[in-house]
Amino acid sequence: MGKLAICPGSFDPITNGHLDIIQRGANVFEEVIVTVFNNQSKSPLFSVTERIELLEDSIKHIPNVSVDSSSRLLMDYAREKKAHAVIRGLRAVSDFEYEMQITSMNRKLNEDIETLFMMTNNQYSFLSSSMVKEIAKYDGNISGLVPEPVEKALKAKFNYL
């Protein structure tokens, strides 16, 4: 497929499910920019700067992936970066309805940029950042659910180090 894709999200924090989608996107596109966007409907645990650092630590082994952040509309950001596509991960059918609404609006804003949906691997179909934060908050075992830098950061955030 080639070219440039944007992989947007709040990544609060990045999970192994996110990492799965990012890695697979990097196998399809020449370049992937993982972009941290603030979701106004969520109260983040990690600052944008912390999320960028965690992403960079988690994806440094993938040479064609970089990390950025934006507070603009996704389609404006994608146009500015000259992206050809947006990669969105889906865990289950329930994600599709929400993502379809966003995609329809994004098409209205810029019909030249395609949205590609990737189903996460089955082992991550239950995984969400919210769930990981809840488990970590009560000192539960999150190994295998998040990259190692995230596991350490969550333990530090909840004072379990």
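Quick reminder: no glycine exception, Cβ is built from N, Cα and C everywhere.
Given the structure is predicted, the values throughout are model-derived calculations rather than measurements.
Quick look at what Swiss-Prot annotates:
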BINDING   SER10, LYS42, LEU74, ARG88  substrate binding site
BINDING   SER10, PHE11, HIS18, GLY89, LEU90, ARG91, GLU99, TYR124, SER125, PHE126, LEU127, SER128, SER129, SER130  ATP binding site
SITE      HIS18  site 'Transition state stabilizer'
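Reported as a whole number, the C-alpha separation between LEU90 (ATP binding site) and SER10 (substrate binding site) equals 15 Å. Between the CA atoms of LYS42 (substrate binding site) and SER129 (ATP binding site) there is a gap of 11 Å, rounded to the nearest whole number. Looking only at the binding-site residues SER10, LEU74, ARG88, the one with its C-alpha closest to GLU99 (ATP binding site) is ARG88. Reduced to three states, the DSSP call for SER10 (substrate binding site) is coil.
Fewest Cβ neighbours within 10 Å among the binding-site residues LEU74, LEU90: that distinction goes to LEU90. It is LYS42, among the binding-site residues HIS18, LYS42, ARG88, whose Cβ has the fewest other Cβ atoms within 10 Å in the structure shown. Over all protein chains present, the Cβ of SER10 (substrate binding site) has 18 other Cβ atoms lying within 10 Å.
ARG88 (substrate binding site) and LEU127 (ATP binding site) are 15 Å apart (CA-CA, integer value).
Closest to SER129 (ATP binding site) in space, going by CA atoms and restricting to the binding-site residues SER10, LEU74, ARG88, is SER10. Spacing of SER125 (ATP binding site) relative to ARG88 (substrate binding site) is 14 Å (Cα to Cα, whole number). Taking the C-alpha positions, the distance from HIS18 (ATP binding site) to ARG88 (substrate binding site) comes to 10 Å. Counting neighbouring Cβ atoms within 10 Å of each of the binding-site residues (SER125, SER129), the lowest count belongs to SER125.
DSSP classifies LYS42 (substrate binding site) as coil under the three-state reduction.
For the binding-site residues GLU99, LEU127, the greatest number of Cβ atoms within 10 Å around a candidate Cβ is found at LEU127.
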